[in-house]
Amino acid sequence: MGETSLRKRGEDEKSIQSNEAKPTSLQKEVGLVSGICIIVGTIIGSGIFISPKSVLSNTETVGPCLIIWAACGILATLGALCFAELGTMITKSGGEYPYLMEAFGPIPAYLFSWTSLMVMKPSSFAIICLSFSEYVCAPFYSGCKPPETVVKCLAAAAIMLITTVNALSVRLGSYVQNFFTAAKLVIVAIIIISGLVLLAQGNTKNFENSFEGSKLSVGTISLAFYNGLWAYDGWNQLNYITEELKDPFRNLPRAIVIGIPLVTVCYILMNIAYFTVMTPTELLQSQAVAVTFGDRVLYPASWVVPLFVAFSTIGAANGTCFTAGRLIYVAGREGHMLKVLSYISVRRLTPAPAIIFYGIIATIYIIPGDINSLVNYFSFAAWLFYGLTILGLIVMRFTKKDLERPIKVPIFIPILVTLISVFLVLAPIISRPAWEYLYCVLFILSGLIFYFLFVYYKFGWAQKISKPVTMYLQMLMEVVPPEKETE
């Protein structure tokens, strides 16, 4: 009854604004430019300002460090091309979720949604917002570390603000993303141009004998890739919102082909810029690489660096929230999460319950505030499911031959990416065993308990509890189930 009244109210309000009411479903509001901005804005976040130090610590010298950055970009591009085939073959929002569902069935898809919703996405959101908070606080606590309470409170405020923006409007979220993408490209351009000028002036000493002294091993290479790929993570984000893309068959691959190579070139040039003013030892000793660069090159205007780095991280957080809310929406629509998470706001036509849920979980992750542990959990789980998803692409080449494929990549590309994913998952465990990897595996498998109790068997007592909760939240947030669009 509450659902009917909400539908009626939504129809009455829309009839005043237009002669023809829109269906209560996700609208195609994201064009090519916004798609590119989502990719670039999500990838270029805190990673490029944090990871250079970690990549260099594992490669030890400049030459292998730059090669790792280029290789990470190539791997991200190859993975994105595989996802482009998946995204145009299965045009549903939710990223890996519908692909795993189609390739392997509900259990792997549920385990992905469980892991992504409870670990990968909220931990990534929390890491980015904590990084944003640290850069914002730094100018106010010169010479000392900002208080942990201040950093966490500011990070929580950032999460609430971003969640609110994305719950209010798809278009507003896109505009915010476009603004922060433009802002972050300004600081990226400043660093790159400054570095190229210094390079042209003869600051090439750190590039001489750039491979001497490097002691690479399987373990150090894998860890260097982990840190480099953290900076590239987000290469698959546009696949989460394919239902909201205008002309996805054309715009999805175009946005990927333009966005990721642009990021790769920027990352390599930024690392070159860092090495024009810092030796490898100095870079490893720097507390904040970009800030050190600004202090040496941009003084007395070095204050612009933490400001624009803050813009960069908040833009990445916004892009992550914009796409991750759609994963929860799709999982709820398939019955793998609370049904209310798949509902659409009558007024705003956004998956507001899913976005709010995501913001709450991310805020909880801020409480421990251990960025390094969060990154380790995230990277291990992420590449486990990246590899499984692309393996699904290979499987569907043989089991789903009838599916239309507007984009079809050569078979060696998904095979190569799958093998690299296996390497990235196993190499850190073999080279440096740690309990956190076992905990991550156990947590992933624990999703099976919830799957069989609440999804597969659907016990009556669980339905009796969830139904009134769903109705209450539906009326509180003014949301209804999505309607199918009519031709």
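The backbone N, Cα and C atoms fix where each Cβ goes, and this holds for glycine too.
Summarising the annotation, TrEMBL assigns region 'Disordered' to 1-22.
Per TrEMBL, compositional bias 'Basic and acidic residues' is recorded for 1-15.
Taken from TrEMBL, the feature transmembrane segment covers 30-51 (among others).
Under the heading transmembrane segment, TrEMBL lists 66-87 (among others).
The transmembrane segment annotation in TrEMBL covers 99-117 (among others). Long-range neighbours of the transmembrane segment (99-117) within the same chain, counting only residues 6 or more positions beyond its ends whose Cβ lies under 8 Å from a Cβ of the stretch, are 86, 90, 324, 327-328, 331, 334, 336-337, 358, 361, 381, 385, 388-389, 391-393, 395-396, 399-400, 443-445, 447-448, 450-451, 455.
The transmembrane segment annotation in TrEMBL covers 123-141 (among others).
TrEMBL lists 153-173 (among others) with the feature transmembrane segment. Sequence-distant contacts of the transmembrane segment (153-173) (same chain, six or more residues past either end, CB-CB distance under 8 Å): 26-27, 29-30, 125-126, 129-130, 132-133, 136-137, 244, 314, 317-318, 321-322, 325, 345, 348-350, 352, 355-356, 358-359, 362-363, 366.
Sequence-distant contacts of the transmembrane segment (179-200) (same chain, six or more residues past either end, CB-CB distance under 8 Å): 37, 40-41, 44, 48, 266, 269-270, 272-274, 276-277, 290, 293, 297-298, 304-305, 308-309, 311-312, 314-315, 318. Under the heading transmembrane segment, TrEMBL lists 179-200 (among others).
Beyond the transmembrane segment (255-277), the same-chain residues lying 6 or more positions past its ends with a Cβ under 8 Å from any Cβ of the stretch are 32, 35-36, 38-40, 43-44, 48, 52, 62, 65-66, 69-70, 72-74, 76-77, 80-81, 83-84, 188, 191-192, 194-196, 198-199, 203-204, 206-207, 231-232, 235, 238, 283, 289, 293, 296-297. The feature transmembrane segment is assigned by TrEMBL to 255-277 (among others).
According to TrEMBL, the feature transmembrane segment maps to 303-329 (among others).
If you look up TrEMBL, you'll see 349-368 (among others) marked as transmembrane segment.
Within its own chain, the transmembrane segment (380-399) is flanked in space by residues 79, 82-83, 85-86, 89, 96, 99-100, 102-104, 108, 112, 115-116, 119-120, 229, 233, 236, 411, 414-415, 417-418, 420-422, 424-425, 428, 436-437, 440, 444, which lie at least six positions past its ends and keep a Cβ under 8 Å from the stretch. Per TrEMBL, the feature transmembrane segment maps to 380-399 (among others).
Under the heading transmembrane segment, TrEMBL lists 411-430 (among others).
Feature annotation from TrEMBL assigns transmembrane segment to 436-457 (among others).
Note on the transmembrane segment (66-87): residues 43, 55, 59, 95, 99, 210, 221, 224-225, 228-229, 231-232, 235-236, 238-239, 242, 248, 252-253, 256, 260-261, 263-264, 267-268, 271-272, 386, 389-390, 392-393, 405, 407-409, 413-414, 416-417, 420 of its chain, located 6 or more positions outside it, place their CB under 8 angstroms from a CB of the stretch.
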